[in-house]
Each structure stands twice: as C-alpha cells, then as structure tokens.
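Visitor: Positions annotated as transmembrane segment by TrEMBL: E:6-27, E:34-53, E:59-80, E:92-114, E:134-158, E:179-206, E:226-253, E:265-284.
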Amino acid sequence: MAMLEVKDLQVYYGMIHAIKGVSFHVNEGEIIALIGANGAGKTTILHTITGLLTPKGGQVMFEGKDITKTPAHKIVELGMAHVPEGRRVFAQLSVYQNLKMGAYTRSDKNEIEESLEMVYKRFPRLEERKNQMAGTLSGGEQQMLAMGRALMSKPRIILMDEPSMGLSPILVNEIFDIIQSVSASGTTVLLVEQNAKKALAIADRAYVLETGKISLDGNAKDLLNDDSIKKAYLGE
Amino acid sequence: MNTMRTKTAKQNAITYGIVIIGFLIMQIISATGHMSSSLSGLLIPFCYYVILAVSLNLVVGILGELSLGHAGFMCVGAFSSVFFTKCMENVITNSLVRFIIALIIGALVAAVFGILIGIPVLRLKGDYLAIVTLAFGEIIKNLVNVLFIGKDSHGLHFSMKDTLSLGMEPDGQVIVNGPQGITGIPKDSTFVIGVVLVLITLFIVLRLINSRDGRAIQSIRDNRIAAESIGINVTKYKLMAFSVSAGLAGIGGALYAHNLSTLSATPKNFGYNMSIMILVYVVLGGIGNIRGSVIAPIVLNLVLDYFLRKLQMLGSNPVLQFLSDNRMLVYAIVLIVIMLFSWSPKMIEWRERVFHKNAKEEA
Amino acid sequence: MAMLEVKNLGISFGGLRAVNGFHVTIEKNQLYGLIGPNGAGKTTVFNLLTGVYKPDAGSILLDGKDITGESDIEISKAGIARTFQNIRLFSKMSVLDNVKVGMHNHHEYSALAGIFHTPKYKKEEALMDEKAMELLKVFDLADMAETNAANLPYGKQRRLEIARALATDPKLLLLDEPAAGMNPKETGELMDMIRFVRDEFDMTILLIEHDMKLVSGICEKLTMLNFGEVLAEGTTSEVLNDPQVITAYLGE
Amino acid sequence: DDTFKIGGIGPITGGAAVYGQAVMNASQMAADDINAAGGINGYQIEFNFQDDEHDAEKSVNAYNTLKDWGMQMLLGTVTSTPCTAVEGEASNDNMFLLTPSGSAVESISGDNAFRVCFSDPNQGTASAQYIGENKLAEKVAVIYNSSDVYSTGIYNNFVTESANQPFEIVSAEAFTEDSKTDFSVQLQKAKDAGADMVFLPIYYTEASLILTQAAGMDYAPTFFGCDGLDGLLAVEGFDTSLAEGVMLLTPFAADADDEQTKAFVSAYEEKYGETPIQFAADAYDGMYIIKTAAEKAGITPDMDASAICDALKAAMTEITYDGLTGSGMTWSADGEPNKEPKAVVIKDGAYTAM
Amino acid sequence: MSFLNYLISGISLGSVYAIIALGYTMVYGIAKMLNFAHGDVIMVGAYVVFYSTAAGMPAIPAVLLSVVICTVLGMVIEAVAYRPLRSAASPLAVLITAIGVSYLLQNLALLFWSSNTKSFTSVVKIPALKVAGLNISGETMVTILACIVIVVGLTLFINKTKPGQAMLAVSEDKGAAQLMGINVNATIALTFAIGSGLAATAGVLLCSAYPSLTPYTGSMPGIKAFVAAVFGGIGSIPGAMIGGILLGIIEIFGKAYISSQMADAIVFAVLIVVLLVKPTGLLGKQIQEKV
Ligand SMILES: Nc1ncnc2c1ncn2[C@@H]1O[C@H](COP(=O)(O)OP(=O)(O)OP(=O)(O)O)[C@@H](O)[C@H]1O
Ligand SMILES: Nc1ncnc2c1ncn2[C@@H]1O[C@H](COP(=O)(O)OP(=O)(O)OP(=O)(O)O)[C@@H](O)[C@H]1O
Ligand SMILES: [Mg+2]
Ligand SMILES: [Mg+2]
C-alpha cells in the first residue's frame, strides 16, 4: 500500500481551476519528485495534501487513512512535515525558537534536544546564528532554517517545496545530499523542484505536472533521459 | 492601455451618473410633491456623508493607511467655515457667495491640519498611525469644546476658559461658546450645492487616482520599499493624500455645519465614533472602491434613519415597534451580518459559485 | 570612465560586519555578476548601492557622480534601478500601471494638471502609455497589461519587475537573483532577455545569481563575495576556476 | 382625524439614554392618563417618541420623521444641543415646541418654543443667590463638565452672580465626557483651597462618583447641586449615606411627600420598575401643560400644526399650571417658565425641604 | 504633598487602564486584531458581578462567575463574528465587525439592564492604606497587584508553555503555524478566552475603583486602554502595564498642573509626541523589514 496517495484531486482558487484531477502515490521510503513549470500547480498540490487548502474533489490518503478533510495541524501529528514555498520562517522569533516550534507536536525533551543537535550538525550556520531574528537571515539561511524546522517534527514523510531555491551551488549540492540522507534515515520524501536535473538524479520516481494535470510520470532516471523533459525542463 | 483608459473613464462616468441620476430622481419626487420631510431632511446628510466617505477612502483605500481621525478634519472644516459665516453674516449678505467662501475656508483650514497630522504620519505605520489619528481627532474635539470666541467693537476676543474671561464690552456677542459651540447658523447648505460638492469631490478623487500622483500614492500602499526604489517621494505623496483627504473632509464638515442651526463638537458628531462611522461606510462600500463609498452611506442612512424610523408608523405591531425602538441594536446586527456576508472568504466563494451557476444557466 | 566605481564599501548590523571593504568597477554596457555563498552580503551590497542602507565606510561613484549616502530617491534619479530577491511588485495595480509608476520622475505634470486633464497631462500620459507598452512587449507581458500584478504567474512577475526597473530609465540595472524559482528552460529564456535588454537599452547590468549556468552564460566579469569581503574578482572564467571560489562557493 | 398627534424626541440609546427613556416613559404615561380621563377637549392623544442618540443631526431626522407622521405638537427634545437644532427647524415650520428639559438659552429661541425646566443661567444665578442669601458657605469650589452645555451654562452664570454674593470661588475645575471616572484632582484642589462647599452643576451619575471619591479622601464639604443631581438617591446600589447633607435646588424630588408626587412616583414605579428622575417629572408635567394650554386655546385635531402653534403660543402666556415640578407655573412669551426652585437637602436618605 | 497625592491618583487610575490594556494587548498581539468590543466585555463582566452580588452571592464566587461568563462570551464572539473573517482580504473587515459587536453588546445591555446608572459595590474589602496624609485605596493596591500577577503570569505562560509558544507562532504566520502542528483556531480561541477573562477581572476592578455602571461604562476606558497598549508598545505585555500606568499619571498631572479642561488633549498630545520619538511605543519591538 502506498504511504501517500492522491486520487483525482480537484482544487479551485475561487473560479480558477488550478488542479484538474491529479492522481499519484508515494511509497514508503521513496523520494518522489514533482516537477513542472511555474504555475503548474505544484505548490497547490502540497498545500492541499497538508490541509492548508481544501479540495473541491478527490481524495488524499495517508497510510491508508483518508486525510482529505483532516485539519492541517492534525496531519502534522500523523507524521507529515511540509517545508513551505517561500520559507515562511517566523521572522520575529530567533532561529532557536523557530526550531523549537518545529517540534511543537513532540513532548519528549531529550528527543527534541537530540533532533536539535542533528539539525545543527546538518546546518552549522543555524547554530552560529541561533539567537538572530529569523527575519534578518539571508535568503539561503532562511531556507536552511525552514528545512531544519520541518525536520524537528521527526516526520515519516516530508514534503519540500523548492528547497534549493536561492541557495548557492555548494549549498544546493548539500541540500540534495541532505535530502538523500533524510531519505536514507527512513523518511519518505515528496520533492517539488525547479532544479529538475538534480531532483530527478536523486529521486526514485517522478511526476511531471503541466497546468494542473499530470502529463508524464515514471522512473526518475528514465525521465532524465526523456527528450521532451530535456527540452522542456532541463533546458538542454 | 487606451482601452484601459477608456474603461476607467467609463467606470468613472457610471459613478458620476449614479450621483446625477440620484439627484434627478430626488428632484422628480420633489417636483411631483411626493417628497416627505424625513427624506428631504436626509438629502444634505447624504451629500456630506458621501463626501466624507470618498475622502476617507483616499487615505484608507488608496494610500492604504488606517485613519481613525477623519471626524477631526470634518470638525475643523465645520468650525472654521461657520466661524467665517458668523463673522460675515452681516457683511456678505449674498448667502451663496458667503457659503462658497466659507466652503473654501473650511477646506483650506482642514487641509492645513491634514498636513500637520501628516507629518507624524510619515514616521508611523499601521496601528500606531491609526492611534495617532484617533488621538488627533480627540484633541481637536477637546480644544473646540473649551474654545470661546467673542466679538465686540474692539474686535475678536479669545479664551480657553469661559465666556467671562473673554473680557468683552457689554455689547459683545459670543460667537463660539465652548461646548455649546456656535448657534444661530444660517442654513446655507442646499441639496443642489451638496450634489455639486459631491461631484467636485468625485472629480478630484477619481482623477487624482488615475494620474501620475495617484499611481505614486497607490505604489506606496502596495510596497513602500519598491516605491522608494523607483524614486517615489514617499513623504510628499503621503502628505498629499492626507491633505487632499482632509481638505475634502473639511468641505463635508462645512456642508454639515451649515445644515443645522447649531454646531457643537460632541463625541457623537466629531468624536472617534463618527470617524468609525465613516470608516464603516468605506469598508462596506469596498476599500479603494470609490463608487462603493458613494452608495454605502446613502443606503446605510436610508436604512437607519428612514426605514427603521418608519417601521413604527406602520401600525402598532409590537415587533415593528421593537425594531424601531432598538434601531442601534438592529444596526449592530445588520452590520455584523453584512460584514460576514460580504467579506468572509467562504461566503465569497459560495456567492461566486451560485452567481456563476446562474450565469452558466442563462448562457 | 567606469559606469560604477565602488571603493571600500562597508556596513555593520549590530556586531555583524555584513559588508567590508567592498569594491567593484563596472564599465558601461558591461554584464557583471556578483556571486557568493548565502549570507555573504550580496543583497546588502545592493541595498547600499540603492540607498536602502547608508554605508558606514567607502564611496560610490555612478558615471563619475558621487552618490555615497544619498537617499534612495536621489539614487533612483541618478540612475540606479533594481529588482528584489523577494519580488516586490505593486500587487493591486495593473501591470501597465506598475511600469508607468516606474516613469514617475521622467514624465512629470502637476497634480492639478492630472485633475484637469490639461494638454500636458494628455501628452505625457500618451507618451507613458506608449513607452510602457513597448517595454511590456519586450518582456512578453503586453497581453496582460490590464491584469493586476498579483495575478501574474511567478515567472512573469519577475519579468515585470525588470520592466518596471527599466522604466525608471536607469544607467545601471541591479538584478537580485532573477532566475530564482525558474526551471532551466525558463532560465534560458531569461538569459536571452537580459542580453537583449543590455543590447537594446544599452544597459549596464550588475546581477546576483546562484545559477551558474546563467552566470557563466551571460556575465562578462564576476566578483565573488565571502563573509562580506571580496574573495575573488576578474573575468567570469577566471573567477569560476579560482580554487578559493570553488571550495567556498561552487563545491565539487 | 380625531386624535391629537404629539411627538417626542430624545436619546433612548447612547450615553444619555437614561434621560431620554425617562422622558419617553413619563410622557407616554401622561398621555395614557389623559386619554383615560377623556383626552384633550374630548380628543384622544397619540404619542410617538423618536430616538436621537443625543445628536443634533439625528434629532432633526427624528423631527422630520415625526412631521411625516403628522405631528401637531412636539414635546421635546430632551437634551439641549439637539433641542437647539430641532428648534431651528420647528420655528421655521411654526411647530409648537415644549421641551421638558432642554435648558440652554438657545433651545427655545423661537416664539413657538417653551420649556418646563429652568434655563441654565437661571439655575446658575439662583444657586449663587441661594447660597449667598442663606450664608451656606464662604469658600466655594466648582466641579463642572466642560464638554457639556448644561453644566457650563450653569457654571458661567454661577460665577457671574457670585461676584454679587458674600462667598468666594476658590477653585473651578472641569472634567469632560471622555475623562469622567477620576475626580481626585478636582477634589484635591478644592480641598487644598480650603473650600467648605463644592458646587456641582452636573448630573447625578458623575456626582455619585464624586461623593464616593471625596469620602475616600476624607474630604467632607457641603455639596450643592442643581436639578441634575436629582436621581442620586435612586441609583441602584448607591450607598445613600454618602449623599447625606447634599443640597440641591430642584423643582422635583421623587420622595417628596405631597400627594401629587407620591401618586406619580408610585404609578411610574409600577409601570416601569424604577424610580422616576426629574426628567420624568418634567415630561409628565409637559404633557399636562400641553393639555392645559390646548384646552385654554380650544384647539381641535383637524387644525394644522401651524394653526395649533399660533393658538398655543397665545394660550401659554395665559395659563397657570400646578404640577410635579412647581406650582403656580406661568410662562412669559419668550418661553421661560416662572416657578420657584425648591431647595432640598438629603437627610436620612431622603430629600427634605429646607 | 499634593504632588504625591496626584501621583497616587495617577497610579490608581493608571492601574485600571493597565489591567484593561493587558487583556487588549493579549488579543491584539496574538490575533492581530483590534477587538473594539473588549471594553464592552468589561462592562458585561461588571454587570454580572453587580447582579450576582445583588442577588446575595459573595464577592469571590461572583467574580469567578463573571470571569467564566466573559470567557465564554469572548469565545463565542470570536467563533461567530471574527473567525469567519480571519482570512478576509482586508484586516479592516474584522475591525468593522468588532465595532458591530461592540454596538451589539452595548445595546443588548441597554435592553436587558436599562440605561439607569448602577452604583457598584466594591468587591475589595481591604481598607485604604493611610500614611502621612497619603491615601492609597484598597482597590488600587489590589489592581496593581493583579496587574503584576497578570504580567508575570502571561509572560511565563507565553514563554514557557506550549499553548503560549503556539500563540507566538500564530501571531506571526498562521499558515506556517499550522504546518508546525498548531491548531490555529484553538489557539486564537484560547487567546480570546484569556483576554475576555482578563476583561471580566478588569471590569470588576474598574467598577470597584470607580463605582458607576452603565451600558457605556466600558467604551471610553476601552479606548483609553487601547491607547495605553499602543503607548506601551503593541503586543508587549509589560508595555501594556507601563503604558496604562503612565497614561493614568499623565492624565492626572495634566489635569492638576496644566488644565482640567484640556486633560484629554494633553493625554493625547503626549501620546503623539512619544510615538514620534519612539514610533513603536515604549517597549515595542522595532521591526525592520529586510529588503
Ligand atoms: N491564492 C491564489 N489565488 C488565485 N490563484 C492562485 C493562488 N495561488 C496560486 N494560484 C494559481 O494557481 C496556479 C498554480 O499555482 P502554484 O503556486 O500551485 O504553482 P507552482 O507549480 O507551485 O508554481 P511555482 O513554480 O511558481 O511555485 C497558478 O496559475 C497560480 O496563478
Ligand atoms: N537588517 C539586518 N539586520 C541584521 N542582519 C542583517 C540585516 N540584513 C542582512 N543581515 C545579515 O547580513 C548578512 C548578509 O545578508 P545578505 O542578505 O546580504 O546576504 P546575501 O549574500 O544576499 O545572501 P543570499 O544569497 O542568501 O540572499 C546575513 O548574515 C544577514 O543575516
Ligand atoms: Mg510553487
Ligand atoms: Mg540575497
């Protein structure tokens, strides 16, 4: 059984039909990439999965349970984390407070402390800046914080919306390494990326989204070599 | 571009049209002898409330700053214009000429206050600004209440204490009498003048919005940092919006003041309650929607001061009696319901769906 | 004479020396890149150049004119325009109006002229409309002129921001991560557009970017910033092959 | 039509609602009583009361609504500023106006307008004279509401008249509608100035606070007020021992023991569940004054408002009326009543004539 | 001597403003909305105590009852009138609704309890402290004590407890807070519950110190407390207390040493001057937007 399954999703913004019947699934332990042009609806899908948006039609199943109508905060408790587009860090809280907020659903102090150590190890810059107000961090620093914050909930599946956006090349590589290591440590990953090449390189399978519909899907490595993908998303 | 400009022009023409048609309807009602006293008594209030709402919308909707002190500008305009009228009552006997000068004085003095209050505005944002405008309105109200001005053969006498300290000759006449304000004001406001002033206000505001300066003001609203980066002088345009809005509110105040025989500053008419009332018009009509600011005050005043009052006359039905005795209660409930209905995202979606469905069925 | 000459620029935030001893010389019509790790101070340099922050050291010469410490308005008038790392459009205004606000200081008429629609108003507005539409055509936005900026898809918003910056008729255009959030294909189109702008408008451009394909593809010279200081500068290939740059920034 | 249509206007919502409601209730009661006893000249009265929220503009709206309804006489308005505004309209229309409680001079500026209560200057002057003649104090402090017409009106004339009286005003401090919770400064100043009397030309709500606060600071001068203080003893929950010794010049006291007052008070209490304040008495009298004048003038409901006004104007100066708020009341053509103020002192929790 | 007396009066008045401002700033800081009805909840709280003590209930249970009723009232208002508008296109929508709620409460009170002034019997039985001619009333001492307890309590609550942390997150970004697993609706409801509970307390203390109760009793102190909250820095809990007390002192000193007629103008003028010097209030955080 798939860990996360989306069935015939229909999402509207007022009259705008943004998602027109999207279905896909994510198996436990996989890295799934969701790629597509600007405005294709990737962010909308993630928002719908984590309950920030309510779909007009279709279903979201998580570990066999229908979570279509489950409120966002309950979904987090089920073990799903979401690194939102545009980082959405708590600008007036310190880096440390932001990270603690990520562990909101957890109660064991020692385990939280452990996760904090783990995050600091992955992102040493965050430890250096732990008392700085998050709003004054540079763009890249904020991205790291958003990721670190999501990891603090010790999720079984993590949804990432363009985590490499605005990062320096070295960090982009690092982020993809981190995604792989997060995956290796047993967390399932649903990855939305503009950097299709890198995303496909680490993903198991991928879906291509075009104006609210899945236009293509398959093994990530195969898609990497697909001519139409190369032309449309890899700029080759 | 050109299509866009014609579109705006068309939209604006509709707004003027609404005013003119409304005016004509009233004239017809009146000419055919169907005009009731209560309706005719509301005509001038319609005009000044529209002027006040439209001018406040310039600050709230176009500049994007919350002002809770609009009644203060109205107050300044009212008192300065009436003061002029009272001083000149026997000098300029043509009431139209005198009233036009009074209106101009009201507008100018209020605009000067607009600039004065605009200066702190430059440093403040959001709620802090709202509080300062509120404070400003309350200061004006307080000062006017302790202002005594008298006139005798030696000229004008001022006091901030009481009439006695004016130290006037026995022949002296107290013009501004503290909380009692000014009494015996000639009734210079007429519906025709009111409508003309509404049209002038609309003309100024609509054209300002669609000009270079209006765009600059809106750009500050949408993103101050970006506006600065393209060389917009934020100071200048904030002041411009505030002073134009204040000046127009001053006109509204002058129209208000010359409609009643007595003028005094009470919490009801020039306190924050009034500022909030005008804000209610603006929000109900739509923030930044000038046409809405024309319609909302009229509808709301009609409901509150016409229909609800008339209810009682319909017969001795206890429900109607209750409703008319509790106008403010009805108003509160209606206000909440309207707000929920027109602003709640769920309701908007629902309305859109229903509306859309109907449209589809028709098509 | 260089279009932009910056010497020894610096600023601190609290205890943090965000930019220190920054210098750069950009010739007219050059396409210049500013790179560096996250938090190195690149955006801060832009903020210093455009007057958002006042430098506590150093000098800025634009086309020979000293603009150090000037207000953002003066600097905009002097001829520096920019885009923002996080898009800052006038979201409730139409696409066309966004560009027309950009021309604010070039097509002037008084408020009264605006209210009474004097011939001057009509002339200037017509001119502005015309110029703005041309710009929008360049950026493939003409058909959306009447849309609210907020309703544009992301990629178009980025382009509108550039169009708006160009509307101020600048001598120097600063682009802060213009390709962020774009896929490689879209980035490719953006590169063409930047080149086009440089050629067509005879523009000098300084850009911040993390996308090395864009940087190596269009920049002629680069400065690499690290911890607020210049670590390397020179032609694009020199800098990108600098071992220090590779370890601190590029990786691999 | 065979009924007289009498309108009333006053605040029944907003901060001044307590006055408007008293007037509304008492006038309705008077109208009912008159109707039960056969009406005016054999015709029944229809009474309609409109809310004005204590605002001049709303008051004029209310007036216009009543005109549409067919109002022939106006018993109103309750508060001074709105009354002045409505009087402007009424005098243009030649509509008969009798205000129960609008006490500003300007509130009855036209010849169509009369009032039941004393005017502010009248009360200010009378108070100063009373204090002076009875040698009640040597040093007087005043606490007044500088944002209120009634209060400043009395205050001004009290000060003017005090020049002719053997006492001295040692402090005069104001408060406003927006800061009327704390009176410690005003009281402290009075105390520091050695005032042995504090004159309170204000309403009883604030007076009850002043009395409480004075007690809290161990300051016990004589308090002297005007008709606005009436109602003090009726404040629910008020510790009336604080009001011991308070003197007031008022034409009405709810626990006076004349038959008329007693009957009125008990009827009112039964009907509305609360003790009537002086505004209610003014209004009750007002309705009966209209009746008296109407009968004198012999008006009938088929006359229009202007004709009724002309008839009543003349009749008003000819009648003498004995009521709750004065006996032997007469009116001059300028609309002012002639009646004797009664001075009362609060003793053992009750008003006692002095 | 009179200076000290004025100072004490100022602190007494100010402590009442402060306790109202605390509830205000709580809702304001977290839900980011100006709850214009706050002053009217205060009024309701005072009426509940008035009628329950009049019916023979002892003071403490009456106050508790009032806190419970106001807490429920606050939550109902939030759920019915404010929640549907939380994501409205303009924050002014909910401001106007709050004004509607304020009018509604006033007019319901008018309907049920009439406009007649009620004289409130103080629930504070502690006698005044009299030292060297100075007189500090029991109400003042209790109010100040209550303020301090509330400031400390709220600060601890927000910084040390999970719901408190949730409030911080919600105040910044409701969407992101949800992604942390925070129940935004519940958090805001809790904020209103606390704010309204504080309002009840404030109402009781306001009317104990200044015992006159009408349906409009809450509205002006509500506005003044709002001013005090801004004065102290919006959202800052100690700021609300300091702002309230300073406002009281300024009001009294203005009356005492400048002019009692112009006390309001003086208070507001001082406020404007302070905000000009410190645009985010006395203890407000200076928020700099990163470009
Ligand atoms: N709040 C909104 N209101 C109206 N339309 C919206 C809203 N958010 C997104 N849209 C529209 O829905 C569509 C899908 O947007 P979405 O943000 O999901 O795309 P995306 O694939 O994440 O794009 P990007 O790469 O730019 O992040 C777009 O056409 C967008 O314009
Ligand atoms: N207003 C400020 N207050 C405090 N620190 C600041 C402020 N602005 C920037 N900084 C700090 O200065 C450093 C440089 O920031 P800047 O935004 O210039 O980085 P950047 O090079 O643009 O990074 P990125 O590529 O991630 O956008 C960062 O560490 C940032 O946290
Ligand atoms: Mg997206
Ligand atoms: Mg940057």
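Each position is counted from 1, following the chain as shown.
Glycine too: its Cβ is placed from the backbone N, Cα and C atoms.
A TrEMBL annotation is a machine prediction, not a hand-curated record.
On this model, are these features tucked inside or out on the surface, and what's nearby?
Guide: Within the same chain, residues 33-37, 39-41, 43-44, 47, 51, 77, 81-82, 85-86, 215-216, 219 sit at least 6 positions outside the transmembrane segment (E:92-114) and bring their C-beta atoms closer than 8 Å to a C-beta of that stretch.
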Visitor: Counting Cβ pairs under 8 Å that are 6 or more apart in sequence, does the total for the transmembrane segment (E:134-158) and the transmembrane segment (E:179-206) reach three or more?
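Guide: Yes, these stretches are in contact.
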Visitor: Quick one: find which recorded stretch in E:6-27, E:34-53, E:59-80, E:179-206, E:226-253 has the most Cβ pairs under 8 Å with the transmembrane segment (E:265-284).
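Guide: The stretch with the most contacts is E:226-253.
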Visitor: Under 8 Å for C-beta pairs, could you tell me which stretch among E:34-53, E:59-80, E:179-206 has the largest tally with the transmembrane segment (E:6-27)?
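Guide: If we count Cβ pairs closer than 8 Å to the transmembrane segment (E:6-27), E:179-206 scores highest.
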Visitor: Quick test of the contact rule: Cβ under 8 Å, at least six residues beyond the ends. What residues does that give for the transmembrane segment (E:34-53)?
Guide: 20, 23-24, 27-28, 59, 61-63, 65-67, 69-70, 73-74, 77, 82, 95, 98-99, 101-102, 104-106, 109, 113, 118, 120-121, 123, 192, 195-196, 199-204, 206-207, 213, 215-223, 225-226
